[in-house]
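Summarising the annotation, TrEMBL assigns domain 'Response regulatory' to 7-122, 704-820. Among the features that TrEMBL reports, 4-aspartylphosphate is placed at ASP57, ASP755. Per TrEMBL, domain 'PAS' is recorded for 136-182. Per TrEMBL, the feature domain 'PAC' maps to 207-261. The domain 'Histidine kinase' annotation in TrEMBL covers 461-684.
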Amino acid sequence: MELPPLRVVIVDDSSLDAELILRELNRSFATEFVRVDTPSGMSSVIEAEPWDVIVSDYFMPQFSGLDAIALLKKLNKDIPIIIVSGKLGEDSAVETMRAGASDYILKDNLARLVPAIHRELNELSVRRQKRRAEEELRKLYHAVEQSPVSIVITDREGTIEYVNPKFSKLTGYDSHEAIGQNPRILKSGETPAEEYQRLWQSIKAGHEWHGEFLNKKKNGQLFWERASISAIKDETGTITHFVGIKEDITEQRRTKEAELRSWKLSEAMASASLCFLETENISKMAQILVDRCVEITNASFGFLYELVFGGDARILAVSSTAAVPAGGLCAQVKGHIEREGFFLVTPSDGLLFEPVKAGTTVLTNNPTTLDHLICRDSGNLGQINSFLGTPLKVGSRVVGMIGLTDRPDGFTDMERREIEAFAQTAALALHSARAEIEHKKAMDQLRQAQKMEAIGQLAGGIAHDFNNLLTVINGYSTLLIHEMPNDSPFKVEVEHILQAGERAADLTHQLLAFSRRQILEPKYIDINLLVKNVEKMLKRLIRENIILTTRLAEQLGTVKADPGQVEQIIMNLVVNARDAMEEGGILTIETANVELDGAFALNNPGAVPGRYIMLTVTDTGIGMSEEVRRKVFEPFFTTKAQGKGTGLGLATVYGIVKQSDGYIQVLSQPGKGSSFRVFLPRVQGKSEGDILLDDAPEMLGSESVLVVEDEEGVLNLVVHTLSARGYRVFSTASPVEAMEIFSRNRERICLLVTDVIMPGMSGPLLAENLRGQREDLKILFMSGYTDDTAIPSEASDERTSFIMKPFTPDALAGKVRELLGTVS
């Protein structure tokens with residue numbers, strides 16, 4: 001076979017010397033070579049291609065053999081380098097070999113060159129094979145060390161010589177603890193000795209053994225492992241060691257056992273669920289579950305109860321065999337359950353309630369007495385020989401318990417596991433059944449809420465119609481009173497009409513508040529001023545045995561909200577506090593500038609960090625439990641007696657606060673009163689309470705106004721009111737006609753006064769169309785009723801305002817002048 005050519009780098013400044021070296025090499029090799037005489041030249045050729053050997057001159061003008069050796073080391077190349085020199089002293093030769101030369105040869109003895117190259121190539125091959133072998137060993141070692149299964153190597157007698165990290169992780173024994181020991185340190189005592197004997201017979205005969213053990217960890221915990229053990233033989237076939245590969249299959253075994261238990265109990269669960277679907281009776285469902293538990297475990301007596309609010313236990317079912325005398329305790333309780341659906345008992349410290357208190361299964365096969373097992377006045381069951389009780393859990397929450405007593409031979413761990421698995425499924429089934437019942441109750445409540453919503457819509461609609469009528473009645477009454485001389489005999493009668501109309505207007509406002517269809521008009525307000533303004537009214541709301549105090553912060557910031565809605569918040573919270581203090585107490589209203597940080601927002605979902613005004617209403621009343629506190633803002637939730645409250649007061653507060661971009665917090669404990677903290681965003685702006693102190697705007701004008709109102713009486717009143725104050729008024733009952741009027745007079749008309757709800761086209765849509773023709777057009781909406789869909793998005797625009805029906809002529813004139821007065 002033809003050998004590959006010898007690839008040689010000749011480092012020599014003399015081409016003649018290089019030819020001599022090449023001639024010597026060609027006698028024994030087919031040669032490929034390159035000659036270099038500089039460090040850069042040597043570096044480039046060595047980096048570019050693989051080479052078998054380097055032959056370098058010792059003395060060169062710019063480069064030496066020692067330099068070549070150093071450069072080769074720097075390049076980290078394992079290539080033999082042989083130094084050739086015309087004359088080389090002994091010291092130089094030693095220095096060259098120490099530097100790393102493979103050999104040195106004198107030029108007058110080049111016959112040694114070829115044998116030296118043969119020798120070096122052989123040694124290079126050996127080195128490379130050794131490195132490959134070492135690399136393979138490293139890979140094998142790392143593979144064993146990082147294996148996902150446990151690996152154990154023992155000598156022929158079973159003494160452990162090696163364990164990998166997975167073994168230590170699985171068993172708890174570190175390598176230094178395991179080495180020198182026998183694998184029997186893992187024995188749990190659950191595997192028969194005969195199984196170990198068969199194992200040793202198999203592996204000593206050179207066969208592989210496969211099997212499963214229930215072993216014990218260092219901490220005493222049991223685990224299942226699947227093992228494969230085989231012999232390690234030397235080149236003569238003699239067994240020198242054994243290797244075991246072990247895998248933790250505990251979870252797999254548990255899964256199989258769970259599937260088996262599930263299969264055994266599935267029929268019982270199916271029967272119980274079918275029973276509930278047919279009867280919607282939880283007690284009958286529970287009875288089937290208890291009967292099957294007694295049947296499966298061969299117990300003499302069984303019961304099931306669920307925990308209810310307040311900590312009591314509600315017995316849903318009991319079951320017994322002939323071991324319990326007829327007419328005894330079981331019969332008494334069964335009769336009560338059949339009549340009432342359950343039997344209520346108060347938990348005690350006895351064995352009956354230990355599983356629910358501890359949250360774990362209790363199993364005892366020691367004779368004991370279960371005092372007051374079922375009811376307070378029934379004495380006891382007497383002596384029992386065994387008890388098994390397991391809690392019913394939904395997630396981590398204990399909701400009840402299944403209890404069994406008096407199995408003839410006592411209860412086993414297998415029965416404990418079966419009943420625990422059964423209890424998990426039973427708890428979910430009972431929880432689902434209870435949820436179904438609660439869902440039906442919730443649906444009833446929803447229907448009630450929908451009925452209330454329908455009533456609210458009806459009330460809002462009635463208020464709308466009445467407000468149109470009252471606008472006409474109250475408006476013309478006001479005009480008549482202003483135009484009548486003081487001595488007119490009819491003036492008093494007209495004033496009576498106006499007073500009756502104003503009382504009717506108050507009623508419509510209450511209807512709108514109930515239906516939540518009032519128009520919001522956010523303003524910059526000083527809550528301190530608002531509290532002072534309503535303080536007298538609040539004192540009339542509370543009883544004489546309640547002391548009202550206020551603690552109002554100095555230099556309180558401003559909020560932007562609807563003043564009427566903020567008053568509603570204060571009134572509702574004060575009424576709630578009053579009702580919580582039947583025996584009297586102290587009611588405190590406080591204000592403060594506060595800043596909520598990220599930590600507060602994190603602990604109070606719904607809160608947003610920022611600067612707020614805090615309004616706090618605190619009472620010294622009965623307080624609330626945690627459960628009540630969680631529900632306090634739910635619509636229609638109330639703790640008052642039937643007919644004493646709607647459950648809407650605090651829900652309305654919550655809605656107003658949320659609509660105002662605020663947050664509300666409740667602090668309360670039973671018997672220690674309650675504190676409601678309302679946080680409204682603090683803004684930059686001057687309170688409009690101060691603005692009202694300025695001179696009222698002039699009511700007269702000369703601008704052109706377009707009035708659109710489908711109610712003829714209201715239309716005539718508005719036209720009369722504005723015309724009398726100098727305005728040029730265009731009027732119509734039709735939005736379509738209004739668009740035609742505006743198109744002919746768009747340069748003159750600077751204000752649109754329109755109803756919100758009209759047939760054919762709404763006021764906001766009309767305003768949008770007209771403002772498309774004239775961007776600076778001012779808009780004044782009139783309405784006695786609205787909903788969210790009717791409120792235009794530009795409600796806060798300085799070019800737009802609202803006036804609520806019924807209104808007085810002066811109020812209308814003031815709104816008009818206020819809008820037009822902003823014209824530059």
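Note: Cβ is positioned from N, Cα and C throughout, glycine not excepted.
Counting only the Cα atoms, the space from ASP57 (4-aspartylphosphate) to ASP755 (4-aspartylphosphate) is about 111 angstrom. Secondary structure of the domain 'Response regulatory' (704-820) per DSSP (helix as H, G, I; strand as E, B; remaining residues coil): 50 helix, 28 strand, 39 coil. Within 10 Å of the C-beta of ASP57 (4-aspartylphosphate) there are 23 other C-beta atoms, taking all protein chains into account. Neighbour density for ASP755 (4-aspartylphosphate): within 10 A of its CB lie 24 other CB atoms from the protein chains shown. Broken down by DSSP into helix, strand and coil, the domain 'Response regulatory' (7-122) contains 58 helix, 25 strand, 33 coil.
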